Every structure is written in C-alpha cells, then in structure tokens.
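**Q** What Swiss-Prot records for this protein is below:
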- Glu114: active site, proton acceptor (ACT_SITE)
- 120-365: domain 'Radical SAM core' (DOMAIN)
- Cys127-Cys370: disulfide bond (DISULFID)
- Cys134, Cys138, Cys141: [4Fe-4S] cluster binding site (BINDING)
- Gly187, Glu188, Ser219, Ser241, Leu242, His243, Asn327: S-adenosyl-L-methionine binding site (BINDING)
- Cys370: active site, S-methylcysteine intermediate (ACT_SITE)
Amino acid sequence: MNEVVQSPAIQPLPKSAPTAGKQNLLDLDRAGLEKFFVEVLGEKKFRAHQVMKWIHHRYVTDFDEMTDLGKVLRAKLQAHAEVLVPNIVFDKPSADGTHKWLLAMGVDGKNAIETVYIPDKTRGTLCVSSQVGCGLNCTFCSTATQGFNRNLTTAEIIGQVWVAARHLGNVPHQMRRLTNVVMMGMGEPLMNFDNVVRAMSVMRDDLGYGLANKRVTLSTSGLVPQIDRLSAESDVSLAVSLHAPNDALRETLVPLNKKYPIAELMASCARYLRANKRRESVTFEYTLMKGINDKPEHARELARLMRQFDNAVQAKDSGKVNLIPFNPFPGTRYERSEEAHIRAFQKILLDSNVLTMVRRTRGDDIDAACGQLKGQVMDRTRRQAEFNKTLQAGKGSDAAA
C-alpha cells in the first residue's frame, strides 16, 4: 500500500457555489437519493442507484457524461440537481507516502479543512474531518487552538472521500486503495451527528465506497448521549479519545470530561458493545505527553481501567489501547514522551494483558500527524463565539449541551 498511483494534478472544479433551488446529490445517502428521484424527478429508484455509482465509483459530476441515462432524465437532473465537491486549495505529499489535502468549504475562502490519506502495507486509511475547527478545547490538540466555526454538511464530509478516492484511482470492489476511513480529522463528529451518520452510510454502501462496517471508525472525545444514539442508528467501529486514566488529569486535557466523567464514558462504551454482538472492541486513544500522563503509575491505572471495562462488557479484550506519541505544533507547552518511556508504558499494559499498540507517527513533515490538523481558519475569538451560539441554539441532537 505504500505505492500511490500518480495521477494528473486535480484542478478545482469550475463551479463551487450552490445553485438556488438545486439539490446537491452529495448531500444524500441511498435512501435520500431514492426519495429525491421518486418524489422530485418522478423516476424509478434504480435510476438513483445508477447516478450514485456514477458519482462515487466513476467520480463523474457532469450529468451529460452519465451515458447510460436517457436525455430526458439528464435534462431533469440539470434542472433540479447538481454535484458539488470541495475545491482543492492544495494537495501535499509527505516523504513517507502520507498525503494531505486542504479543501475549501464554501465560496468565501474563510473556511477550509484538512483531509489526510495514510498508506500502509496492507491498507490505506483516510482521516476525515467533520467540522471546521473544534470547540472542545482539548489542550494538546492543534485544531482546538483555532476554535469552532461550523459543522460540515454531508456533502462536505463525503466530498473528502470523493476527492481522495478520485486522486488514488480507487475503484470499489476492483482496485481498492482506500480501505479504511477514520472520523479523526478536525472536529468532534458526534457534535455533527446527522451529517456524519449520513456520510458514513455512503462510505459503507455498495453503491458508495463499499467499506465494511468495521473499516469505518468514529472517534469521539466522549459525548455520552450521542454514543448511545450512535449505537442505535449506525454500526461502525468506535474509538474514544481518553488520554488520561483518571478524572482529575483528564479534565485538564479534555475539558468535556467535566460534563461526562470517565465512569459515565466507559459505561456508554460498554453499552455500545453489548448492543451488537458483531462489535468486538472499543479503541481507547491515549496521547503520551512528557511528564504529564506517561508515568508508570498512569500506565498501571489505565490497565485497571481496561480490566474494569472487560468486566463490564463481560468479554476479554473489549478495550484496546492505541498509544500516540504527542505531535508538537507551534505554541504548545507539551512535549513528546521519550521513546524509552513510551515502550515502558506499553510494557506495563502488555504485562497486564491489555491489547496495546503504539501508533507510528506519519505525515508530521507536512503537519498531517495526529493532533496537527487545523486548516485555514478565522480568528479564534470569532470561531469560539460561533461555537457558543451553536450550543445555545441546541441544534437538536447535534449539540453537545
């Protein structure tokens, strides 16, 4: 998977502004597209399936190029619909094969997000963003330094997959270079619940990108009610940004812990696994920072927490730990743990029979490593005001408050 097929540089599509009265088909999953074709276009459902394959399998956005559609249907589509994908500001390869795209969201140039493709020997993983910025203020994350602006639409989320898959020459079921998607980019996915779940549906649909449920992973900082809702409405792998083994420390790193402490978070994760026997484990992400959370006593405390989690689920290896060496960014006060401390931390966990791996740092030469994403954004004060407005408005079940 390390070899990425070189394709011609992808130019931004000439049209990026939505047209009033037209439906962006990237905003729709299979059910939504079928409904649009039946109720708006007066067509059969199978026509929606044809168009979905043109968009997500062949990366065609011009209805006139969808050659197995009749002229009448193409005319209807031209009148009522469009396919708008994110504009590419730049794409940047890393020496290790990692690739980062900066994608413009909207037409004002003020909102941009980053998407990262990470190739490995047996798989290719795309790290996808769910928000422009983030308002959770995790103190060790670069994205948090920019504050929050807005949620991404379904089209803007799945559009990241479209851009990357097109660049890679990915053909579902034939030439698969994109094997996994992780919702671990900019933003808290569960604060944009509906759009994220709809986008993940397209990722897992055979008419979309055909990924198995377990190959789509949602990472959350720990919004307990939304984890329970996710369990009922979707079926993907769950990862939790833990980063500390106790509430006192986690509250300094992940302020959301004050609202949803570790005991509540772990209980919701146990419910998530128990609700579906096909769900085998939850991954707990733990970023190691020098002198902060990398001491032997932290490792022993984390091991106890994982044993308690196994007992709650009543299954061995229900919790897996992913140790992440901290990736520095300008202005941070944190430092990466020394390699010897990382290995010693891992050994304590392994000796306690906790499945543990250390994530290799990839893409740090292009600021694409874990915790380094932040895009081109507005000033923090304005963005935080937008986040507070979102919380106050409630935004249904998509808000954290």
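Just so you know, glycine gets a Cβ as well, placed from its N, Cα and C.
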**Q** Other than its own, how many Cβ atoms are within 10 Å of the Cβ belonging to Gly187 (S-adenosyl-L-methionine binding site)?
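**A** So the number of other Cβ atoms within 10 Å of Gly187 (S-adenosyl-L-methionine binding site) is 28.
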**Q** Just give me the nearest neighbour of Ser219 (S-adenosyl-L-methionine binding site) among the recorded positions Glu114, Cys127, Cys134, Cys141, Cα to Cα.
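**A** Ranked by Cα distance from Ser219 (S-adenosyl-L-methionine binding site), first place goes to Cys127.
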**Q** Around Asn327 (S-adenosyl-L-methionine binding site), which of the listed recorded positions (Glu114, Cys127, Cys134, Cys138, Cys141) come within 10 Å, judging by Cα atoms?
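**A** The recorded positions passing the 10 Å Cα test are Cys141.
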**Q** Find the shortest Cα-Cα separation between Leu242 (S-adenosyl-L-methionine binding site) and the recorded positions Glu114, Cys127, Cys134, Cys138, Cys141, and name the residue that gives it.
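**A** Going through Glu114, Cys127, Cys134, Cys138, Cys141 one by one, the closest to Leu242 (S-adenosyl-L-methionine binding site) is Cys138.
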**Q** Mean pLDDT for the domain 'Radical SAM core' (120-365), as a whole number?
**A** 95
**Q** Quick check: in three-state DSSP terms, what is Cys134 ([4Fe-4S] cluster binding site)?
**A** coil
**Q** Among the recorded positions Cys127, Cys141, Ser241, His243, report those whose Cα falls within 10 Å of that of the residue listed as 'active site, proton acceptor'; none is a fine answer.
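**A** Of everything listed, what lies within 10 Å of the residue listed as 'active site, proton acceptor' (Cα to Cα) is Cys127.
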**Q** Going by Cα-Cα distance, pick out whichever of the binding-site residues Cys134, Cys138, Gly187, Ser241 is nearest to Cys127 (disulfide bond).
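**A** Smallest Cα separation from Cys127 (disulfide bond) among Cys134, Cys138, Gly187, Ser241: Gly187.
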**Q** Taking only the residues the record lists as binding S-adenosyl-L-methionine, namely Gly187, Glu188, Ser219, Ser241, Leu242, His243, Asn327, what is the largest Cα to Cα distance between any two of them, in Å to the nearest whole number?
**A** 19
**Q** Find the one among the binding-site residues Cys134, Cys138, Cys141 whose C-alpha lies closest to that of Glu188 (S-adenosyl-L-methionine binding site).
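**A** Looking at Cα distances from Glu188 (S-adenosyl-L-methionine binding site), the smallest one goes to Cys134.
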